[in-house]
Structure formats: C-alpha cells, structure tokens
Amino acid sequence: MALCCRFQTPTSDDEEARKYTKVFVDTKKILLLGTGESGKTTIIKQMKILHINGFSDEDRKARIPNIKQNIHESIFDILYNMDKIDPPVQPRRGDTRISIDFILNLGPKEPSEYNEEYFNHVKAAWQDEGVKETFQRSNEYQLIDSAEQIDAIKQPDYIPDTQDILFCRIETKSISKIEFEVPLSKFEGSSAKFWMYDVGGQRGHRKRWIQAFDGIQAILFLISASDFDQKLREDPTKNRLQEAFDLFKDIHRTKFVREAGLIVFLNKQDLLQRKIQEQHRKVETYFPEYANYIPSKKDEWDGSDEYQRAKLFMRHKILSIASMPVKIENVGFVPGYNINEELSPRDVHVHFTIATDTNNIKRVFESVREIILTHITGKVFSL
C-alpha cells in the first residue's frame, strides 16, 4: 500500500500573518496612560516631529477648525464662568457687557463665521480687567490652554505652525498608534522599531485600556503636575492631581502589565512653575502633607526654591506608591487554604517634562529609549 503525504502550500494570508507576528515580537511597544488632558496626545505629536517627518501642509490645514474651536471654547468658558466662581467677578467697564453677551449668545461651539465684529468683541472683552482676573482664576473651573491664541486665527491666510498644533486639543476617544524607528548609533545601520499607543484618559474611556495591554513592554504614565489646584472635569469633587496618583496606584498594581517597564512623566512643569512662582498658589492648600515635606539631601534642594520643592514632592508621592509591595490574593487554592503572593516593589523612572517643548521631549526620550531597551533585553545600548 502506497503512502501519500500531502503538504499544504502556505497561502499569502499565512505569510502575511507570519510577517506581522515577527514584526510584532521585534517591535518595542509603549502604551501612554494618564488622566484626561495630561499631555498624552502631545507626546504622540512630538514623536511625529522627532522621528517621522513632522506635519505636512495637509496636516496643518486639517487642524485649523480644531484650533479655532479650542480658542473660541476657551474664551466662552472664561466669560461663562465670571459669575459662577466664588466670589463672582464682574466686568470692570460697563461697555464690556455688550461684548460678553455677544460671545455668550454664540454658545460654546465655534461661530459660523469669524468676522470683524466677532474679533472686535473678543478684543474688547479680553481688555477688561475683570475678564483677565477670571482667566487668572482658571483653576476654579475647566479651561483648556488656548485663550491667548486669538490673534493667530485672525489672519485670512492663517496656517498653524508647529507650536499651534502642539497646543491644539482634540479629545482622544479611541486607541491610536504611531510607528517610528530610532537609530542605534553603537551598531551602524541598526535601529529599534517602536509602536506607541495613545488611549483616552477620561474616566469613561478607561475601560478600553485593557484592549491595549497585550504585548506592551513599557507604560509611559503622564501626570499633569500643574493640576494640583484643579478639580476633575468629570467629577468636580475630586482633585485632578489626586485622581492621577490614584490611577497610577491602580496601574502599578494591575497584573496585566507587571512585566512592563514603568515610566512617569510629571508633565506641564512650565505651568506648575508659573502657578507657584508668579501666581503664588500653595500646594499645601490641596495636599496638607506638603506643609511638612522636606526634600532629602540627595535631592540637592537649596531650601529656597518653592517650585523645586513642589516637583520633588510630586516625585516623592510617585516613588512612595511604587515602593509599596503588591499583594495578590487567591493565586491558587488548596482545600482549606488560600494561596497568596506578595510581589516586591518595582522600579519606576520619573521625569519632569514639558510636552509642548520639543527640545525637552527630545532629551527626555533619549533617556526613555535606553530604559525601555535595557528593560527588554537586559543590555545597555548606546543611543
């Protein structure tokens, strides 16, 4: 009896699947996490600037409606909240009320036309000292960072520059990905491939995060350091910075990313510095334990720079969370006994960042790349 062996010829789909699997395994995958408005999407934009080709003319033109909407929304929110904050603020000049009413009657969505009448009313409102005071008290309500860009969009041939795009805010409602390569100078001709994922940070979007955990080698967790005096957009009873700390604690404990490197960006350092040094905001008003916080000697704090003390305090909070052992219950079960496991504290790398500053992110990411590659391979690469 003859034996017949039949071999199935691989299909093009099989070949594509194998190629994709190899690419997936070889690629270093970074997941951006953090609360809403912490700067995750800005980091994605910076990767495009630093490692791809930046923004094309088409990209810039496509952002114009979003930038205009951001600016109008900011101006509307300032005027809307003048009599909502406590104590309320009144316009200093009587004729300002006409301009305020004009803008409020347009609603929060951008007007159908940006005409001279619109710009004149905005200019008149912005010159009022009461409006400026309300802007300075923006920690008492929700405001995105776009109000001062109004002059940019007034030009009929306006094309956003790179900084305009970096400041443009569009709420992330789904998982997005950017792919880029980083050359490894120590090995001529070689490079490391990275995939970076961005997911929405608002509370309603976090249930999707688990979809992006598969195969992740590094978590890049962003915290808006300047949010220490602000309330959460989704929950006006919760401090924004405390929400970020609580969320970081949850990520630190989750079993899905125990093997991933953990990197924290304490972001918006420029705004934090401005609030403390220029606006004299007090961290202890919102975090009472700050009143007794003294940086350690190794932090090289000179005892006079309050901004430096504030950012070291926030780093201390992160490292304290990371130093806590993680207890995992019900790892296994023997009749009559629960088998529990206590995991040792994990390393966390903390960086102070300004996501809208390309040079700052370039320097920081050079360090982050080495951390990720060393974490994955156990080797040190020269980048």
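Every residue gets a Cβ built from N, Cα and C, even glycine.
Residues annotated as GTP binding site in TrEMBL: 37-42, 145-146, 166-172, 198-202, 267-270, ALA355. Taking all protein chains in view, 22 other C-beta atoms sit within 10 angstroms of the C-beta of GLU37 (GTP binding site).
Over all protein chains present, the Cβ of THR172 (Mg(2+) binding site) has 18 other Cβ atoms lying within 10 Å. Taken from TrEMBL, the feature Mg(2+) binding site applies to THR41, THR172.
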Looking at Cβ-Cβ distances, which residues of the chain lie under 8 angstroms from ALA355 (GTP binding site) while being 6 or more apart from it? GLY39, THR42, ILE43, GLN46, LEU166, LEU222, PHE265, ASN267, LYS268, ILE361
List the Cα distance (Å, whole number) between THR172 (Mg(2+) binding site) and VAL199 (GTP binding site). 6
Using Cβ-Cβ distances, find the residues under 8 Å from THR41 (GTP binding site) that belong to the same chain and are at least 6 apart in sequence, listing them in sequence order. ARG169, ILE170, THR172, ASP198
